[in-house]
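Structure first, commentary second.
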Amino acid sequence: MIPSWMKNNIVLLATLVAATLLIFLSTYRLTESPPIWTDEGHLIQVAMNAALHGPQAQLQVAPGKFESGAFSATTGYPALFPVAVAFSLFGVTLVSARLVMAVFILLFVFVAWRLAVRHMPLLLATYALLLLSTFAPLYGNGKNVLGEVPGLLYLTLFLLCLSLIEAGKKSWMQAALAGLFLGLAVVTKPIFLIVLIPVAVVALFSSTLLTPPKILAGLGAFAATGALWIWVQFGDQTLAQMFAYYANPYAIDTAATISHNALLFVSAPQPLYALVLLATWMVSIVVRIRKQVIVSRAEYLAVGFALLIYLAFLRITPYYRYYFVGEVFALLYFPFALWTIWPRRIPKFFFHACMVLLIAAQTYQCFFSSFVAAYYNSHRTRDVSQALGTLSTSTSIFIYNAPELPLFLPAGMPYYQYLFLTPIVILGKEELPLVAQGVPDLVVIKEESASQLDLSSYREMRVFDRYALWQKKSLGDLAVPHQ
């Protein structure tokens, strides 16, 4: 039997280790790992334009010409406005943007840990903290400017408020905060709209917690966040256009996609791990219900949300980050879930050994075999910055399907842009003929895409990382300084 003072010291040490790992992994090689890429690039552009031209979601397709980013930028203002503020205060740089995302990661894990402390013994909550802090997809999806981790932060704050309300703190202020954080979560990224289904179900069985003042306070705060989202995000788009796009953004064959994605959960390691986490959690809840052990409303909401996220993944393009937000909650509750179903015949030592081995395996993956680890030695951001940052502002440039690049152009440099995201979301299509006409002085394009453009008026000047810079033949060598 371990003395209580020693157990407390072990928990404290483990908490400090988790915090150290979290801070290090959130900021290490911040601008290079993960690499800059399409989704992050166009979201950064929305934040840039919010800082420079106003809050509406928009992207520049030609000097002085903007198109709505309503359907391309599916991450909302709760994630992008903080980035826009950072741009205004500290300059429009990738460091400014990603530092904001690092803060989102730190805040999310802290709030998730506080939620875990309320729902499980401290030792199990510490295991949950270590599992989150060593979970490589948290950094792969969180250090990029994306909506997943900000949405998780707001949703976890909502669950924490709900937990406090359940514990007896039933003021209208708690209800207003719960409505506010729920609203911020669902407008951060459309996938979080799914949580409204378990929220509605739980609300039906929570009449003792709900009074007219609390309902009005919660709904009022929720409605305010939604109204601001519609104004900022969609401008003059109709509700019909909004729902039609979000129902099938990639215009894919849903039936074929469901069978393919379902197979991934039993044939690919990452989805299989996610499935095991969720299955363990759900079995634990069933066991507790059968034993008449109380399950909190917050946990019901969390598991309902996670289950619906997994089901939603079945019908969309199989990027693993689309079930990530559900997997994170399954990981958070995994130590508690496994503890509650652990067979009595097996000594609890093996449970703790299992947790330690899982944390060690995740730590190894973070440092050596994950998506983020693969780019620890990358120099893409450095190379792009050096190649584009030295261009003359007296020349114009056309950026072909590389929305991550405008961030690195010198301030004030005129640029055109074409962006293909899905078959139904294409921006700057009207600007494409300008390349064949030789209007822009420069063209920057991914090397593998060069055959898609008529570059007969241009000659290739430089290749950097996966990009190629082309210059109009009539300009000589003045526009592109060689290095």
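Using the three backbone atoms N, Cα and C, a Cβ is placed for every residue, glycine included.
Summarising the annotation, TrEMBL assigns transmembrane segment to 80-113 (among others). Proximity of distant same-chain residues to the transmembrane segment (80-113), defined by a Cβ-Cβ separation under 8 Å and at least 6 residues beyond the stretch ends, is recorded for 22-23, 26-27, 30-31, 36, 43-44, 46-48, 50-51, 55, 57, 73, 125, 128-129, 132-133, 138-139, 142-146, 149-150, 152-153, 156-157, 160, 328, 332, 381, 407-408, 411.
According to TrEMBL, the domain 'Glycosyltransferase RgtA/B/C/D-like' annotation covers 84-231.
The transmembrane segment annotation in TrEMBL covers 120-139 (among others). Residues 7, 11, 14-15, 17-19, 21-22, 25-26, 34, 105, 109, 112-113, 149, 270, 320-321, 324, 327-328, 331-336, 339, 355, 358-359, 362-363, 365-366, 370-373 of the same chain lie 6 or more positions beyond the ends of the transmembrane segment (120-139) yet place their CB under 8 Å from a CB of it.
Through the fold, the transmembrane segment (145-165) approaches residues 39-40, 43-44, 47, 74-76, 78-80, 83, 97-98, 100-101, 104-105, 107-108, 111-112, 114-115, 118-119, 138, 174-175, 177-178, 181-182, 184-185, 188-189, 191-192, 195, 209, 296-298, 301-302, 305, 321, 324-325, 328 of its own chain, all at least 6 residues removed from its boundaries and within a Cβ separation under 8 Å. The transmembrane segment annotation in TrEMBL covers 145-165 (among others).
Per TrEMBL, transmembrane segment is recorded for 177-203 (among others).
Within the same chain, residues 55-57, 76-78, 172-173, 175-180, 182-184, 186-187 sit at least 6 positions outside the transmembrane segment (215-232) and bring their C-beta atoms closer than 8 Å to a C-beta of that stretch. Sequence annotations record features per position, and here TrEMBL assigns transmembrane segment to 215-232 (among others).
Annotation comment: TrEMBL describes 272-289 (among others) as transmembrane segment. Residues 265-266, 295, 299-300, 303, 306-307, 310, 323, 326-327, 330-331, 333-334, 336-338, 340-341 of the same chain sit 6 or more residues outside the transmembrane segment (272-289) yet have a Cβ under 8 Å from a Cβ within it.
The annotation transmembrane segment is assigned in TrEMBL to 298-316 (among others). Residues 115, 119, 155, 159-160, 162-163, 166, 191, 194-195, 197-199, 201-202, 249-250, 252, 254, 257-258, 261-262, 265, 274-275, 278, 281-282, 285, 322-323, 325-327, 329-330, 332-333 of the same chain lie 6 or more positions beyond the ends of the transmembrane segment (298-316) yet place their CB under 8 Å from a CB of it.
The list of residues near the transmembrane segment (322-342) in space but at least 6 beyond its ends in sequence, with Cβ under 8 angstroms from a Cβ of it, reads 112, 115-116, 119-121, 124-125, 127-128, 131-132, 135, 137-138, 141, 148, 151-152, 155, 191-192, 271, 274, 277-278, 280-281, 283-285, 287-288, 293, 299, 302-303, 305-310, 312-313, 316, 348, 351, 354-355. The feature transmembrane segment is assigned by TrEMBL to 322-342 (among others).
Nonlocal intrachain contacts for the transmembrane segment (349-376), taken as residues 6+ away from its ends with a CB within less than 8 angstroms of a stretch CB, comprise 21, 25, 28-29, 32-35, 127, 130-131, 134-137, 139-140, 143, 335, 338-339, 342. Among the features that TrEMBL reports, transmembrane segment is placed at 349-376 (among others).
Sequence-distant contacts of the transmembrane segment (177-203) (same chain, at least 6 residues past either end, Cβ-Cβ under 8 Å): 74-79, 147-148, 150-151, 154-155, 157-158, 161-162, 165, 210, 217-226, 228-229, 233, 246, 297, 300-301, 304-305, 308-309, 312, 322, 325.
On the 0 to 100 pLDDT scale, the domain 'Glycosyltransferase RgtA/B/C/D-like' (84-231) averages 94 in the predicted structure.
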